[in-house]
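Features as listed in Swiss-Prot:
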type    : residues           : note
BINDING : 272, 275, 307, 314 : [4Fe-4S] cluster binding site
């Protein structure tokens, strides 16, 4: 428990499963997923896209396997990437078996559309034989006909009933290495369904607002939907669904987690919207800095505030801070640089971007060195 208890999030207690090398649920960090949008049969393009997603921080990547040619390509894809791969399967139970044999870490299936009980048993057998976990993926847009007839429309009750009935199918086959999602494009519906499901079971939950929209609108909708659930302690892994490239989904996912102090990766910029008091062009400065610092993976906070109204206060709370020294029209004004929350020196507008990049890179190197030293000391401490 921290001193600032208003920041604490009490996460729902869930079971822990493995998706390849990544743990999901239990005390594991909330993982970030995305999905490729290339033709899976185009191995080179799919591998390149997965690698870009991985560079952005993706923990897990899903790949669609609609046909035999796609599952045939899966083995070559998996051999060339480092992140665990989830095979997205619908309707064809043989695709699930083929994906497991190809090395998929997880099978995203809907047991209700895989086929007969015997076919489900075959899929479970393949998953067990090859160390695959599964995701039961319920979607408001594809609920079973009988549930729509029972409830009249997609609703939280129908989605939870679908999820739990599918969970029982796997449980009846002595398989519990699975997570569940109950997605909808309506954030209200999705949140209500996830909250009800969280009360009804202890399986890890994969969060998402499906078909959320384009980069801007989808980001806002996902931040509200996924963010509100995470804030309530619900959720073990997330996928931000955007009509955008997979790496953009990953970046948005991490921004949501960073905002809630659940995961930290890279530079978190605190910046003002700017006004007539700004001592430098805040908007342009932030844009350039975010681009030039995108390679940093070490968690660091950087405040960029255009004037002294809020600048010093924000700088005290960040690793590196910059506060504008006067009106933009005032030539020769010097801006104050803060290091570890303490006023350290001044810098002019012309040199400040290069200077801040150097400071952040130096700070990142220091943090990385300390972490490496700590890890190197752990075995020696344990041996003593």
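Glycine is treated like the rest: Cβ placed from N, Cα and C.
The structure, with features from Swiss-Prot marked on it.
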residue: 272; record: [4Fe-4S] cluster binding site; Cβ neighbours (10 Å): 21
residue: 275; record: [4Fe-4S] cluster binding site; Cβ neighbours (10 Å): 10
residue: 307; record: [4Fe-4S] cluster binding site; Cβ neighbours (10 Å): 22
residue: 314; record: [4Fe-4S] cluster binding site; Cβ neighbours (10 Å): 21
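Apart from 272, 275, 307, 314, the [4Fe-4S] cluster site neighbourhood in this chain, defined by C-beta within 8 angstroms of the site C-beta centre, holds 273, 274, 277, 278, 282, 305, 306, 309, 310, 311, 324.
According to DSSP, residue 314 ([4Fe-4S] cluster binding site) sits within a helical segment.
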